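Working notes for the structure below.
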Amino acid sequence: MAKGFYISKSLGILGILLGVAALCTIVALSVVYRQEKNKNTSQSPSMAPLNPTATSSPATTLDQNLPWNRYRLPKTLIPDSYNVVLRPYLSPNSQGLYIFTGSSTVRFTCQEATNVIIIHSKKLNYTITQGHRVVLRGVRGSQPPAIASTELVELTEYLVVHLQGQLVAGSQYEMDTQFQGELADDLAGFYRSEYMEGNVRKVVATTQMQAADARKSFPCFDEPAMKATFNITPIHPRDYTALSNMLPRSSTALPEDPNWTVTEFHTTPKMSTYLLAYIVSEFTNIEAQSPNNVQIRIWARPSAISEGHGQYALNVTGPILNFFANHYNTPYPLEKSDQIGLPDFNAGAMENWGLVTYRESALLFDPLVSSISNKERVVTVVAHELAHQWFGNLVTVDWWNDLWLNEGFASYVEYLGADYAEPTWNLKDLIVLNELHSVMAVDALASSHPLSSPADEVNTPAQISELFDSITYSKGASVLRMLSSFLTEDLFKEGLASYLHTFAYQNTIYLDLWEHLQQAVNSQSAIQLPASVRDIMDRWILQMGFPVVTVNTTNGIISQHHFLLDPTSNVTRPSDFNYLWIVPVSSMRNGVLEQEFWLEGVEQTQNSLFRVEGDNNWILANLNVTGYYQVNYDEGNWKKLQTQLQTNPSVIPVINRAQIIHDAFNLASAQKVPVTLALDNTLFLIRETEYMPWQAALSSLNYFKLMFDRSEVYGPMKNYLSKQVRPLFEHFKNITNDWTRRPDTLMDQYNEINAISTACSNGIQECETLVSDLFKQWMDDPSNNPIHPNLRTTVYCNAIALGGEREWDFAWEQFRNATLVNEADKLRSALACSNEVWILNRYLSYTLNPDYIRRQDATSTINSIASNVIGQTLVWDFVQSNWKKLFEDFGGGSFSFANLIRAVTRRFSTEYELQQLEQFRLNNLDTGFGSGTRALEQALEQTRANIKWVQENKEAVLAWFTANSA
């Protein structure tokens, strides 16, 4: 599943200093505003009410000896196949509810004798047949015991069938059910999405099963290791199209009502429940055939398809599929690849096997109004989801504790697949900014977590949802990139192909991948490792955090320590490796590559590679940032690197120019170098025109903005940034012929946005005039937008910030009338840039009205308001006052709470704010925090670190900005 961003996912080019930095995470991890009713849906006369004695007490009071009180399924029964018939009703019933009805037959094998059948079921009402919710029969002569009773256990989401006798080990059985569920607009399970076609409201029935919502669609053994085959048969209105994982086998009229069509799909391969998908809609498609005869189709609203918005996704899908087939040395496993853009969708995208679902913004692209970043998002998200068709779908992790392997791998190779489709963009470099740098801010906390956790620590749906975080996606991608780098890509691919061939249609744990990579290493002699793949990688997978590698060039000593943002924080999570890593250290001396060195799990060692003599000689470590660690140096080497940057920066690779800035600011935050040293590393930017160093600087300085934009430091800081960015602003003004054309390269187009956003937000009058004039031209002629799509996010935001009610109302009207989601998203984020308190308060109220802001966008909009220094207090008051309602409406397992807590607390840096946050935690212990539990602990830790950092650095920072802004 695409993070959507997490999100996002994630370009980091939308003007961090404008106060919308929260969007970088949100795009990746955009989340659902749930309104699923806590009570059960109204029941038809034939439906049994939910068991009035269904378990609902806290898990701690339950008898854990009873298997239906445990969240994990017993291993007594293994599913073989399902036959599922579903009929969604796309207009409300007499109670005003949208519903679906269904029937299911599951065939399963008894592995161990048992007198109980436990199968997942969530918010389904069952037809009583022969006195029970299920009918059980034997297969091939086996005789089932009689049913004693059935019950629904709400807390653990089970349908439990108690038997009068034992099921026999080795025998097969079939169980039939008939049921009804609500086709709710909660973005989970089998749900309803809506859109307008002219003045007509259209309804789509669609699915989102990951991680634990297939059970909301039909009763199933809803764990990833419980693979089976599926026969899916939707019954749908005649004029609608049904889609599923496979191609249709037949489509016939429903005998009793020809206005309905029965579409039966071919049997799926053996697969996990979370990868199922079925959709009923009036969407249309465009189609192509890949060189390997795979049918490729892009589906969306008819108007989007007719206007060509699916063409770019269609163009890149074939090349990306071919790239991965070659990369994995494994053919694409299915006959077709459908991809569909949905108006309402929780995540960025979902890798359902053969039927990938997307937010419209992650699939559709209009060259007339979409920006280059929108285009990059499409190609990278498509690559991410298609990578999963092999790694995750064909071979699946055994349990969610190894989710990092699925999502980290896809988050790494998405850059490779996208780079193949767009070879001139240099997309592979962006993984450093988008993934590695961003996740280190989280992984440097004592409340971080390892990539892989013991399986018994991940049980509930909320615990599973909590794993869909930046550690899983971005750290996973970063350490796999490091592994591929020190193995070489060829060896990595060889081991990967062996892994996929061995475990096709099966489940694995991460150790299985290590074993096959080790076999590839053992088959050759050119690459020699200091230890086994497992011994090296377990230190990166099983312990949280990462090292700071310190190179002392005066004596050649190289050492490592667990990097913590707050070095005084208490690390309570033990490590079998004592927080020491086996670290691959690449380096250069004065621009010349040195041989690779391994820091072999020891705290320090000495080597002449790292000793430097002479006033002008320097060492640079972690070339192209292939290693997942930060680098510190002795003061003399830092000064020499700064001199090199200010005299001839091109000697240092552009990625490492970004690394020097990023690492120094992080080291300063952890009090390992003076904050003035980190600030000195930005002095060369006055002559820098490359995107990556500028983006690293703006991302790092955004922390200073968050800490100081309410204090006297902010004025000198703005003056310094204005001075540094002015040459960049003039550079892009010149090469774009006074902003009338766009730069040639992707990186330059991104840095043009940085130039304008930074210039405007730091008071350069020419920039403010530019954006105000462009916005006024649009207001004067709303049907003719003169603002280039690349520049719209930053122009909209700055014009609204500089303007008042008139500008805001105009943008709101344009948002309400926007027909393309990319344009709507730009306007939605920009509306949070207002400097008027009452306008922001009004906008905040709109987020709870789904007629104004779609539920999928509510949380990200709240976060955008919180990222505005004026809106942050409004949102924090709102969250404190409404936490219980938000928790009930959004759902305890939603991804939204982690993002919401991070966004609203990111400026906290005073004792008063810490006390407020601690009181908030105490006040809501009974309600709970769901998937935001870890984020709350991280927010408390981050706030304490912020308080300490501000106290220790404020005076020095004020003095530095004052001295360097002249």
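Backbone N, Cα and C define each Cβ position, glycine as well.
Since this is a predicted model, take the numbers as computed values, not measurements.
According to Swiss-Prot:
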TRANSMEM  9-32  transmembrane segment
REGION    33-65  region 'Cytosolic Ser/Thr-rich junction'
TOPO_DOM  33-966  topological domain 'Extracellular'
REGION    40-61  region 'Disordered'
CARBOHYD  N40  N-linked glycosylation site
REGION    66-966  region 'Metalloprotease'
CARBOHYD  N125  N-linked glycosylation site
MOD_RES   Y173  sulfotyrosine
CARBOHYD  N259  N-linked glycosylation site
CARBOHYD  N315  N-linked glycosylation site
MOD_RES   Y415  sulfotyrosine
MOD_RES   Y420  sulfotyrosine
CARBOHYD  N552  N-linked glycosylation site
CARBOHYD  N570  N-linked glycosylation site
CARBOHYD  N624  N-linked glycosylation site
CARBOHYD  N734  N-linked glycosylation site
CARBOHYD  N817  N-linked glycosylation site
MOD_RES   Y912  sulfotyrosine
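Cβ neighbour count within 10 Å across all protein chains ranks N552 highest among the glycosylation sites N552, N624, N817.
Annotation note: N570 (N-linked glycosylation site) sits in a coil segment as assigned by DSSP. The secondary structure of N734 (N-linked glycosylation site), as reduced to three states from DSSP, is helical. Under the DSSP three-state reduction, N552 (N-linked glycosylation site) is assigned to strand. Taking the C-alpha atom of N259 (N-linked glycosylation site) as reference, the shortest distance to any of the recorded positions Y415, N552, N624, N734 belongs to Y415. Counting only same-chain residues at least 6 apart in sequence, those with a Cβ under 8 Å from the Cβ of Y415 (sulfotyrosine) are T380, A383, L427, K428, L430, I431. According to its DSSP assignment, Y173 (sulfotyrosine) is in a strand. Around the Cβ of N315 (N-linked glycosylation site), a 10 Å sphere holds 15 further Cβ atoms from the protein chains shown.
A mean pLDDT of 95 is what the model gives for the region 'Metalloprotease' (66-966).
For Y912 (sulfotyrosine) paired with N624 (N-linked glycosylation site), the C-alpha to C-alpha distance reads 42 Å. For the glycosylation sites N125, N259, N570, N734, counting C-beta atoms within 10 A of each C-beta gives the highest total at N125.
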